[in-house]
Amino acid sequence: MQKSGREGLEGGNIIGSGIFISPKGVLEHAGSVGLALIIWVLGGGVAALGSLCYAELGVTIPKSGGDYSYVTEIFGGLAGFLLLWSAVLIMYPTSLAVIALTFSNYVLQPVFPSCIPPYNASRILSMVCLFLLTWVNSSSVRWATRIQDIFTAGKLLALALIIIVGFLQIFKGNYKELTPSNAFNFWMTPSVGHLALAFLQGSFAFSGWNFLNYVTEELVDPRRNLPRAIFISIPLVTFVYTFTNIAYFTAMSPQELLSSNAVAVTFGEKLLGYFSWVMPVSVALSTFGGINGYLFTSSRLCFSGAREGHLPSLLAMIHVKHCTPIPALLVCCLATLIIMLIGDTYTLINYVSFINYLCYGVTIIGLIVLRWKKPKIFRPIKVNLLIPIIYLAFWAFLLIFSLYSEPVVCGVGLIIILTGVPVFFLGVYWRNKPKCVNRLIGKPVPRCLAALLVALRSAGICLTSEPAALKQRSRPSPLTTHTFALAESMTCWGQKLCFVVYPQGGVAEEEEAPSAPSAHSRQLSSEIDMRK
């Protein structure tokens, strides 16, 4: 991934729909304009601290997959699986659904100026956008990063317009709400719990600061470029968010902002006149780029989980020509569609924010644990130990008081994570299962799957391993023979795509760690020798 792609991916993932959604939530819990602006600045600082910790982990454990890869490497399979479980089940599909619905609502708002856009029209447009970007990400990594660059530039220009208009308002003397006497005029006294919820609302806008760690293996020289992308993107995003909120308050009173369902649109209607259409367009650009970035990174998380054996091996396959994880992209797209069709996904945003911060903290705890367990490991980047300690202090404050203020919302988030524990022990950890359990969860391989694997092999589509049940069958049964033709026709599309498994244990890894090859590498090598 080239230089412009990495900064575009990092900045484009952070600057999404959050800046058009979160200001209302931050202000509502902060109780004053001044405290809300302080929370936005502190939110950027906290994101910078977390990014520096992730930079050390990213170059010390140079694997794609971000949090999941680091937690699995440091704490073991169960912790990594729980993080993967919560991300695949809730975090990424829900975030994608919310952003896609935001995109469709803002695109349709000029068509339905006096009412809320129809439910079906909004869902259909969201699906079209999701399908289009899934196809783009399946076709080319370069196309995906180019889209990210273009739409990041587009929405930065739109936000720059908001900031410039805000400065013009200040120069004209329209800054009544920003004077110290008015800015810190509290209409409610915020409790510690309210402050925690305000930070939680702001964190939704800053979510994405760790996304570059999900594609570490695709970065060019990550030891140099990963910190560079962080140092450029985080201050830029903090500046944009803070001054965008300042611009909002030059046009609206706190009460007007709290009563607005679309803050940017209200701002445009008040100050831009005939050019008020720029605001819906800018939100559409922002969310379109956000969907692209979430698809790009969430598919890599599924890909990494499949490589570790925590998800089906199909998700560890990439296109032989385009080098894109097509099965993982399709799974992410399908999960998002299901959540999008279930109903109102906005109620899940609090779950997403809480689980996100929980995962961030566990990952950064892993950095301290890794310092203790492997003090002599090569670290191209090594942050001061005060940085993770300060971040974890804020993390503990945020989670404890968020759980105190919203016990039901945060409690459901914890329950969702813990439901992965029995799934892990049943599906991953417990290998020598009784036959009755194997039948219940779908093992050994059904005959139709056996025929499908035979068809894949005949088409030159190779898997790293085949189930032992398939290898034991030397003579197919009549049912298998009849199923073969159906499986062969079903795999016609797969034959054109020519999936291959991403190779493990590359040259760079062998040079850095000349230890014994992994079981997966040995298995892949033996399979290549057999083909020769």
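Using N, Cα and C of the backbone, Cβ positions are placed for all residues, glycine too.
Note: TrEMBL annotation is automatic and uncurated.
The structure displayed is predicted, hence computed values, not measured ones.
Lifted from TrEMBL, the feature list:
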REGION    509-532  region 'Disordered'
TRANSMEM  33-54  transmembrane segment
TRANSMEM  75-101  transmembrane segment
TRANSMEM  121-138  transmembrane segment
TRANSMEM  150-171  transmembrane segment
TRANSMEM  191-209  transmembrane segment
TRANSMEM  230-251  transmembrane segment
TRANSMEM  271-297  transmembrane segment
TRANSMEM  318-342  transmembrane segment
TRANSMEM  348-371  transmembrane segment
TRANSMEM  383-405  transmembrane segment
TRANSMEM  411-430  transmembrane segment
Which sequence-distant residues neighbour the transmembrane segment (121-138)? Criterion: at least 6 residues beyond either end, Cβ under 8 Å.
96-97, 100-101, 103-105, 107-108, 144, 147, 288, 291-292, 295-296, 299, 319, 322, 324, 326, 329-330, 332-333, 336-337, 340-341
Any residues 6+ beyond the ends of the transmembrane segment (150-171) with a Cβ under 8 Å from its own?
8, 11-12, 15, 19, 178, 240, 243-244, 246-248, 250-251, 264, 267, 271-272, 278-279, 281-282, 285-286, 288-289, 292
Any chance you could find the range in 191-209, 230-251, 318-342 with the most Cβ pairs under 8 Å to the transmembrane segment (348-371)?
191-209
Hey, does the transmembrane segment (75-101) touch the transmembrane segment (230-251), meaning at least 3 C-beta pairs closer than 8 angstroms, sequence gap 6 or more?
no
Report, as numbers and ranges, which residues of the same chain sit near the transmembrane segment (383-405): CB under 8 Å and 6 or more residues beyond its ends.
46, 49-50, 52-53, 55-56, 191-197, 199-200, 203, 354, 357-358, 360-361, 364-365, 367-368, 371, 411
Stretch of maximal Cβ-Cβ contact with the transmembrane segment (191-209) [cut-off: under 8 Å; candidates 33-54, 75-101, 271-297, 318-342, 411-430]:
33-54
